[in-house]
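Worksheet for the structure shown next.
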Amino acid sequence: MTEQKAPGKALYFAAVLVGIIIAIAIIYEFWLAVVTNPKDPWSVFPISRFFTQFTDAVFYVGAVVWLIGTAVFLLELAGFTITGRGLKRTGQGIGDWGVIDIALAALSAAVYGALLAATAPITIVPGFTWLRPANSLAPLFGMFFGIPGALGAAFGNLIADILAGYFGVGSIGGFVGNFLIAYIPYKFVKDQSFKTTSSIGEFYIWGVIVQALVSALYICWWLHVTQALIGLPLFVIWGIIAPSILSNNIAVNAILSPILGVLLFPFVKGRGLYWKDRVKAPQ
């Protein structure tokens, strides 16, 4: 038993190190951009340049992401999930919820909303986005609490928008976008304990990289198509907000989420709150 735990522990520390390296790389590149062009660092930030150079292609990819993401959101709330064999009932639709599910959704929303709002004064684009270390909690809400946790993350983001004075048309994209941040690792990370090789490896694929790309594309595509209502130039949408979401979510989820996951999973499971221990999916 001891021999099986050692590789998982070693991989955990290695994964944290990789996360720190990723975060440092993002911070370093932005620092270089600030040094190179203090008045407009986004114009030389590599991630911003990618999004602005390929805006047309990114827009069409974003449209596909938005359609799939919205369909998944509605289906999961109705109690269905997409599988290789078609739709399957999950037992986690809102109609299947009990008192514990409602309480977990409310708890997730309250904690997430309060912690997001706490850093709202650190503005990136006034009225639209800010520095958000609390995003590290969203994947954990989905992985630990299932669909109630994912919907809690969506409402938590909405609460933060309202408290911080950011509420508007863009909040619709942020609502589903934050649901997807929690949903993707819930759906695709099979071992959600943060204790094994597969758990850490899958989390870094789905809970760090994929969710960051999906949330950035989903939210910014929505801002793009509602541009006439919100009044933001495309450069701000794709050159500032998109790289901000992508960079923030990769950095904080690569560093903070695994640490929080290791600390919180035993607590959640020990109290019978882990979704796999509570939900019996219909056959």
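Here the Cβ of each residue, glycine as well, is placed from N, Cα and C on the backbone.
Copied from TrEMBL, the annotated features are:
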- 12-37: transmembrane segment (TRANSMEM)
- 57-78: transmembrane segment (TRANSMEM)
- 99-124: transmembrane segment (TRANSMEM)
- 136-156: transmembrane segment (TRANSMEM)
- 163-183: transmembrane segment (TRANSMEM)
- 203-221: transmembrane segment (TRANSMEM)
- 228-245: transmembrane segment (TRANSMEM)
- 251-268: transmembrane segment (TRANSMEM)
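Of the candidate ranges 57-78, 163-183, 203-221, 228-245, 251-268, 163-183 contributes the most Cβ pairs within a distance under 8 Å of the transmembrane segment (99-124). Only residues 6 or more beyond the boundaries of the transmembrane segment (251-268), in the same chain, are considered here, and those with a CB under 8 A from a CB of the stretch are 12, 15-16, 18-20, 22-23, 26-27, 132-133, 135-137, 139-140, 143-145, 192-195, 200, 203-204, 207-208, 211-212, 274.
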